[in-house]
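To start, the structure itself, in structure tokens.
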Amino acid sequence: MWVTKLLPVLLLQHVLLHLLLLPIAIPYAEGQKKRRNTLHEFKKSAKTNLFKEDPLLKIKTKKMNTADQCANRCVRNKGLPFTCKAFVFDKARKRCLWFPFNSMSSGVKKEFGHEFDLYENKDYIRNCIIGKGRSYKGTVSITKSGIKCQPWNSMIPHEHSFLPSSYRGKDLQENYCRNPRGEEGGPWCFTSNPEVRYEVCDIPQCSEVECMTCNGESYRGPMDHTESGKTCQRWDHQTPHRHKFVPERYPDKGFDDNYCRNPDGKPRPWCYTLDPDTPWEYCAIKMCAHSTMNDTDVHMETTECIQGQGEGYRGTVNTIWNGIPCQRWDSQYPHQHDITPENFKCKDLRENYCRNPDGAESPWCFTTDPNIRVGYCSQIPKCDVSSGQDCYRGNGKNYMGNLSKTRSGLTCSMWDKNMEDLHRHIFWEPDASKLNKNYCRNPDDDAHGPWCYTGNPLIPWDYCPISRCEGDTTPTIVNLDQINISAEDH
């Protein structure tokens, strides 16, 4: 009986306790919310600073640890007395410099600065729109039919309610085309013609600014959204999705900012997304009207040997290294696959010839052996791929050519990204003036000649396929093909 009487009291106490804890729990949950990453909204120009000729242009500066922190403050305009359009991150001093202007503003010019990286808000500098163009903040001020736009803060010749003060954050500046309400037609403006109240502006979609040929391996356009509208993740970031395509490891793949690219031979350009539940998606980019049926604009075509990773190989070798015949590319027996002539129209997947349609280490094929799905055609000889200075003397210590591929076809990694490891393996200061970009060099007097880092964890470094100069009398130490690379050697 006494338990029954106490039950309402206990229930009331439980409810009161819950109400007391509720105000504390809500802020705690909000405090745990992950902060939005905004760096993907900026276009990066490495080793670049902005110089203003007009002393009246304002600048705000403060110490910050990362460029991401600078970007967050720029996007939110937190503590800034102006609308932030760009910022510079001083890597040496860990300092941000925020600007109400960008490189396209009058009285402003770019200048080289090794310790600086310039980030410009893409909304203010892009010459195209994404979707309805709601975020467009460019400087087009002419309508589709060529009429000059009326300034947003003017009521002549048309009265309206789209005042800059009423649409804060929509950047209704000057007489630039805008889409403050997200209308279907895209950015528009009131016109200076009394007979035409308003008209849309002729601003192209970013998916159409630069078209692609073949499967888009050479595409270097500004598209940074997937075909479903998801924002792309920056290639130089590992969140929310970790990946291997680090720009420093692949300097020739065009990994700028978060633009759609095709580094691995997929049917068309793609990108990782900012959606944690969607690792990657394809991008909607139109085909060029003159799209060719080969990709020799990207990779040099060869028929008797392979250059680099052999993506341009168009020879007729049709067996893998041990003599097993290749399966026809248009066949699904004995191995089913989707690397077909229809999906890879520019890769010359004829007959059963060895090819490298997906950016593998070298040409390969599916085999006719049901127990061996894929095999490399490593018996195809490598071409002399060296360029510039195509030979070296002695041990190659003074080699200054422009070759940036290893003997296995891997692209060399930038030297300035590997200096810490290099210092651990040599007892003197390397000549930094010789370590240009990602060219093959011999900074440690290796007896076997020039080499480079690769960025590949399985083959962290390798020698380069450069021959000794004719007439050089220095004895050959050993055949390079007999040397196995170990991560401990360099």
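Cβ atoms here come from the backbone N, Cα and C positions, even for glycine.
Source: prediction; values computed, not measured.
Summarising the annotation, TrEMBL assigns disulfide bond to CYS211-CYS288 (among others).
Listed in sequence order, HIS40, ASP224, HIS225, THR226, ASN258, TYR259, CYS260, CYS271, TYR272, THR273, LEU274, CYS283 are the same-chain residues at least 6 apart in sequence whose CB falls under 8 Å from the CB of CYS232 (disulfide bond). Residues annotated as disulfide bond in TrEMBL: CYS232-CYS271 (among others).
Annotation source TrEMBL lists disulfide bond at CYS260-CYS283 (among others).
Residues or ranges marked as disulfide bond by TrEMBL: CYS326-CYS365 (among others). For CYS365 (disulfide bond), the number of other Cβ atoms no farther than 10 Å from its own Cβ, over all displayed protein chains, is 27.
Cβ contacts within 10 Å of CYS354 (disulfide bond), excluding its own Cβ and spanning all protein chains shown: 25. The feature disulfide bond is assigned by TrEMBL to CYS354-CYS377 (among others).
Marked as domain 'Apple' by TrEMBL: 37-123.
As a whole-number mean, the pLDDT of the domain 'Kringle' (127-206) in this prediction is 93. According to TrEMBL, the feature domain 'Kringle' maps to 127-206 (among others).
Residues annotated as domain 'Kringle' in TrEMBL: 210-288 (among others).
If you look up TrEMBL, you'll see 304-383 (among others) marked as domain 'Kringle'.
As a summary of secondary structure, the domain 'Kringle' (390-469) carries 13 helix, 18 strand, 49 coil according to DSSP. Annotation source TrEMBL lists domain 'Kringle' at 390-469 (among others).
Here TrEMBL flags 1-31 as signal peptide.
Taken residue by residue with DSSP, CYS365 (disulfide bond) is part of a strand. Applying an 8 A CB threshold to same-chain residues 6+ apart, the list for CYS377 (disulfide bond) reads VAL317, THR319, ILE320, TRP321, CYS326, CYS354, SER362, PRO363, TRP364, CYS365. Across the disulfide-bonded residues listed here (CYS211, CYS260, CYS271, CYS288), the residue whose Cβ sits among the most other Cβ atoms within 10 Å is CYS260.
The Cβ neighbour count for CYS283 (disulfide bond), using a 10 Å radius over every protein chain in view, is 27. Around the Cβ of CYS326 (disulfide bond), the number of neighbouring Cβ atoms within 10 Å comes to 23.
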